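This report concerns only the one structure given below.
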Amino acid sequence: QSCQCLAWKPRPVVVWGAESQHVVAGYSDGTIRVFSISRTEMELKMHPHAVALTAIAYSTDGEMILSGGKDGLVAVSSPRTGMTIRVLADHKGSPITVLQCTRKQYRDFGVEGGELWLATSSDRRVSVWASDWLKDKCELLDWLSFPAPAGPEDLGSLPPSLAAFCPWEPGTLVYVGFGMQKEALVYSLRKKQVVEKISLPYFATSLSLSPAARFMAVGFGERLLRLLRCPTSDAQDYTGHDDAVHLCRFAPSGRRLLTASHSAVLVWELTGG
């Protein structure tokens with residue numbers, strides 16, 4: 001089976017020891033496998049999906065695994081018990097492209113739970129949820145649907161729909177995807193509306209927001225990487241890739257950025273504030 005997606009287990013509050021170095025991977029046969037890096041072995045295998053996985057993420061405390069499939073179903077599974085505790089069908093029919101979790105203040109947005117998470121699907125829809133997994137609570141907070149001109153029926157031929165919580169502006173998220181304009185949209189969960197539009201030269205193929213500084217990285221199919229400083233939207237473009245920049249990832253420190261294309265992986269070092 002081929003590995004389709006993977007995620008690191010979040011660093012715990014205690015000192016990050018070798019015993020906590022785990023990754024979870026999603027496979028084309030619908031299985032999830034948890035690996036110990038220190039022991040270089042598989043510790044757990046679960047089968048929450050009937051189709052290939054397309055996105056995977058740990059909850060912020062590492063106690064749950066969220067996985068999304070090609071059929072649009074999202075499963076919530078416990079790596080402690082190996083059981084799937086919840087399946088969400090809100091995006092059914094469209095592949096999940098992004099799953100992301102972030103911590104929230106208790107009773108933010110008028111709902112209970114210590115965590116916000118989002119799911120994005122290929123049909124330009126984003127759902128935002130508030131959860132308390134220990135109390136088996138999962139409440140839909142917002143539902144975003146972005147318009148687009150008529151396109152081919154095959155969504156796989158269009159630029160991906162991508163969303164990410166904004167680390168430096170709590171309560172907001174950034175969305176890019178095929179739409180009426182080539183732009184990144186900043187959406188406020190409190191105001192329930194788009195509060196900023198950032199013009200882009202092309203439709204984006206990858207997106208990452210720095211957890212440590214006000215930087216946004218956007219990759220394009222035209223072999224271009226753009227680094228945006230927020231909120232001024234000052235842009236700097238970089239070339240060097242051999243194909244579409246299909247992956248951007250900031251390091252947790254925010255000092256380095258990893259980008260990938262067809263046969264090249266580049267690591268960038270950010271200088272200055």
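Glycine too: its Cβ is placed from the backbone N, Cα and C atoms.
Computed over the domain 'WDR90 4th beta-propeller' (1-272), the whole-number mean pLDDT of the model equals 91. The domain 'WDR90 4th beta-propeller' annotation in TrEMBL covers 1-272.
Panel annotation: around the repeat 'WD' (46-87), residues 4-10, 12, 22, 24-34, 93-103, 114-115, 117, 119, 121, 131, 133-134, 136, 138 of the same chain, lying at least six beyond its termini, place a Cβ under 8 Å from a Cβ of the stretch. The repeat 'WD' feature in TrEMBL is assigned to 46-87.
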What are the DSSP helix/strand/coil residue counts across the repeat 'WD' (46-87)?
-> 0 helix, 20 strand, 22 coil
